[in-house]
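Everything below concerns the one structure shown next.
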Amino acid sequence: MHDIRAIRETPELYEKAWAAKGSPGKVAEILKLDEALRAAQTALQAAQAERNEASKKIGQAKAQKDEAEATRLMAHVETLKKALEEQGEVERSAGEALRALLAGLPNIPAAEVPDGADEHDNVEVRRWGEPRAIAAPKDHATLGEAMGLMDFEAAARMSGARFVVLKGQLARLERALGQFMLDLQTQEHGYTEVNPPLLVNDAAAYGTDKLPKFAEDLFQTTDGRWLIPTAEVPLTSLVMGQIVAEEELPLRYTALTPCFRSEAGASGRDTRGMIRQHQFNKVELVSITTPEQSADEHERMVGCAEAVLKRLELPFRTMLLCRGDMGFGARKTYDLEVWLPSQEKYREISSCSNTGDFQARRMDARAKKAGEKGTRYVHTLNGSGLAVGRTLVAVLENYQDEGGRIAIPEALRPYMPGMTHIGGAA
């Protein structure tokens, strides 16, 4: 959600940002609705003042035993009550229209975010690691199916497309990855582990900017609740409607959960393998900060996500997204892209975003400093630390040998005692 006062004061900034996102002319529409709302509020306040004054005079007339005047004033108050109801409806209608328009408009990028239309305009910040020399690398699906440990056909029979069944050593490797990530983020990076609900209500989905714009990308139950597309939703919602002590910030939460996405806009993209699934596991990172802390916390979060790839010795690059490629709620976003030998390119494995106070305004999450009056909105940040399925894909492809065996990364061997490879002798 946006601060209407900021839009009034710097309309050009908002118009430029929204036009770049394909929503030109919205500022004029917002200011028109804002003017109508303020006019309705002024008229309502005037009518309330007139009613209060008339009610006061009724008492005075009765005290003076002027029944005729009292009767006239009472009739006038009744007329004002009807006018107040009508004016109140005008105010509600204008307010709802303004809120609905603001709710559908994306966040404003930070000043340092580069201009650009799409992923081709993103800026590479750094690279880590060198891709291994692998002769004729196989893709992860071919490797998994050859071992008999990755079954897309069985998944399709029971669930349809974009699902997978992992078995045996591969299921164990996937579990080890998730546990390793969670241990790293909690034991070394100071995140508090949370086991959150996988179903959330409209308020939680709205507060984390998934509703109303992205309803078609979510799965909804028959009772109206939503399966989480990411643990960002319940983790950030821990502060929904709350006032937290500034002295306790930053708050850092992490969770390993299944995530559910309809992939409504992904027709024809990544149809083979595990890159784009309706259900997948992910370790999520969420931070709640003061406005002054959020920029540094963002850089820290990116480092926490990068640490997973470094420990696994997977080559990757870190990209600063341009304005046109950022998500709806993001003020600034870094993507981590891991090297996939079969595709001979880097693919997204994590996205770390600073939303500023965009989500906090939607969910009314505030902070208060001890000894001071008033509150202010917190800043919220979220990132993948990492997507477990895509990390499994990267491990399979980067650690394959010519015989189709997969070496287990050193960082994962404590989670798989006695094993050094998958697909052959231990």
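Cβ coordinates are placed from backbone N, Cα and C, and glycine is handled just like the others.
Feature annotations, reproduced from Swiss-Prot:
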BINDING   Thr230, Ala231, Glu232, Glu284, Ser384  L-serine binding site
BINDING   Arg261, Ser262, Glu263, Glu348, Ile349, Ser350, Ser351  ATP binding site
Restricting to the chain of Ser351 (ATP binding site) and a gap of 6 or more, list residues whose Cβ falls under 8 Å of its Cβ, or answer none.
Gly327, Thr333, Tyr334, Asp335, Leu336, Gly383, Ser384
Using the structure shown, find which entry in Thr230, Ser262, Ser384 (the binding-site residues) has the sparsest Cβ neighbourhood within 10 Å.
Ser262
Cβ within 8 Å of the mean position of the Cβ atoms of Thr230, Ala231, Glu232, Glu284, Ser384: remaining residues of the chain near L-serine:
Val233, Leu235, Ala255, Thr257, Cys259, Lys282, Val283, Leu285, Val286, Asn382, Gly383
Just give me the nearest neighbour of Glu263 (ATP binding site) among the binding-site residues Thr230, Ala231, Glu232, Cα to Cα.
Thr230
Counting distance between Cα atoms, which of the binding-site residues Arg261, Glu348, Ile349, Ser350 is nearest Glu284 (L-serine binding site)?
Ser350
